[in-house]
Amino acid sequence: MSQSVSERTRIKSDRYESGVIPYAKMGYWDAAYTVKDTDVLALFRITPQPGVDPVEAAAAVAGESSTATWTVVWTDLLTACERYRAKAYRVDPVPSATDQYFAFIAYECDLFEEASLSNLTASIIGNVFGFKAISALRLEDMRIPHSYLKTFQGPATGIVVERERLNKYGTPLLGATVKPKLGLSGKNYGRVVYEGLKGGLDFLKDDENINSQPFMRWRERFLNCLEGINRASAATGEVKGSYLNITAATMEEVYKRAEYAKMIGSVIVMIDLVMGYTAIQSIAYWARENDMLLHLHRAGNSTYARQKNHGINFRVICKWMRMSGVDHIHAGTVVGKLEGDPLMIKGFYDILRLTELEVNLPFGIFFEMDWASLRRCMPVASGGIHCGQMHQLIHYLGDDVVLQFGGGTIGHPDGIQAGATANRVALEAMVLARNEGLDYFNQQVGPQILRDAAKTCGPLQTALDLWKDISFNYTSTDTADFAETATANR
């Protein structure tokens, strides 16, 4: 007697039985799995719902971020399902947390389209964050294999070429954000750019939300900025620039503004993270083809990066943006007004600047990773910093960084040019002291170096007097799980 259709399609297998079975039994958990060099690895912080086994929660994340759905489907048998299933292979309790677990998951590289951050993220963070079996989920780190990294462009210009273009070595770069960020006319905006560059800064920049508003259209801003840049460059003999924000409603408009910036002589353009991954990669390709630096403002990142138990750790965003092709990205200051644990910030900077990563748990780096010759990305420190913190900034952040003093330049009592000069003199004094072997980070030595430099620089003395008591000494909400490192200005 012939079998019925349902009988013929019911496969007797541990991993295939019609209906709903646990993810761990479907093949999404494999404690004996051997990680391959070509695997994409992801580390998730999982908070299971009460009563949900952590291993099953990890398997559910692996399944829902790769091939699974809520029930077994017979079409799995038409694929290489054993290969394409993501494998949760390790679950560890999070230190000092009673209900959180680190879940390590491996993905076959063929699950992702080459050179497509949008496709990668559609799987890794696309649907699984709303899964009912978990009450919170955070993507903490990823390892992108060499073979997959090679399909990405990486930074359009990179640190080495940027320094060659600026002819500036062995010191951080100096910048400032034009303030107020909204409301200035084009003429006054250009004046701020000129004064800051003339006073000693390398860059001025637009802020994240200045695009093309009724009080100042983008062409007006671009033209006045370039006039200020050219005048300051002629006066100082240095290569100068201003980050022109080309973020817009459509990619057609983004390209139009980028082409115009190039035509009038700009060396750098700027975009916002809120543009989206496809837009960021698209303009990064344009920047590489047109020999333009590309600055990224991380606008919007704290909506998903700041909370410790849910969202995406910023270190992952750093990896994605380096892959996408930006040259600059805001990555924290340690001592400024924005969130920033010292060790976590150092981890972000290492991800952007090193060619190879080693496991460093206090820095929050969970995977070894070779960057496959992708160029290095310049971190930007911005938000509530001033020249009185120069010894701390150099100690924590090193040389390959843009130090952006917005209020710390434009808020100077003697004017914008004086504020820029104060920052330039403070930086050069501290770099010289460091190069001479002085213990500049010492709380007595560092401030004294600045006071000595201020004896021959009135603007620096004024700045030190004005901001000497200003600090943002708060405990970070996001700290490393393997070290106690509350943010402190010391």
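Every residue gets a Cβ built from N, Cα and C, even glycine.
Under DSSP, LYS181 (substrate binding site) is assigned to coil, being neither helix nor strand in the three-state scheme. The local packing around LYS181 (substrate binding site), expressed as other Cβ atoms within 10 Å of its Cβ over all shown chains, amounts to 13. For ASN127, THR177, LYS181, ARG298, HIS330, SER382, the entry in Swiss-Prot reads substrate binding site.
As annotated by Swiss-Prot, active site, proton acceptor applies to LYS179 (among others).
Among the features that Swiss-Prot reports, N6-carboxylysine is placed at LYS205, with the record citing sequence analysis. Under the DSSP three-state reduction, LYS205 (N6-carboxylysine) is assigned to strand. For LYS205 (N6-carboxylysine), the number of other Cβ atoms no farther than 10 Å from its own Cβ, over all displayed protein chains, is 29.
The Mg(2+) binding site annotation in Swiss-Prot covers LYS205, ASP207, GLU208.
Residues or ranges marked as active site, proton acceptor in Swiss-Prot (evidence: sequence analysis): HIS297 (among others). Secondary structure at HIS297 (active site, proton acceptor), as computed by DSSP, is strand. Under 8 Å, Cβ to Cβ, and six or more positions away along its own chain, HIS297 (active site, proton acceptor) finds ASP207, GLU208, ASN245, MET270, ILE271, ASP272, LEU273, HIS330.
Annotated site 'Transition state stabilizer' per Swiss-Prot: LYS337, in sequence order.
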Binding-site residues near LYS205 (N6-carboxylysine), in sequence order, restricted to ASN127, THR177, ARG298, SER382 and a 10 Å Cα cut-off: THR177
Under 8 Å by Cβ from THR177 (substrate binding site), counting only residues of that chain that are 6 or more apart: LEU204, LYS205, ASP206, ASP207, SER382, GLN404, GLY406
Recorded positions listed as LYS179, ARG298, HIS330, least Cβ neighbours within 10 Å: LYS179
Remaining residues near the recorded Mg(2+) site, that is with C-beta within 8 Å of the centroid of the site residues LYS205, ASP207, GLU208: THR177, VAL178, LYS181, ASP206, ASN209, ILE210, TYR243, ASN245, MET270, HIS297
Inter-residue Cα distance where the pair is LYS179 (active site, proton acceptor) and ARG298 (substrate binding site), in Å: 18
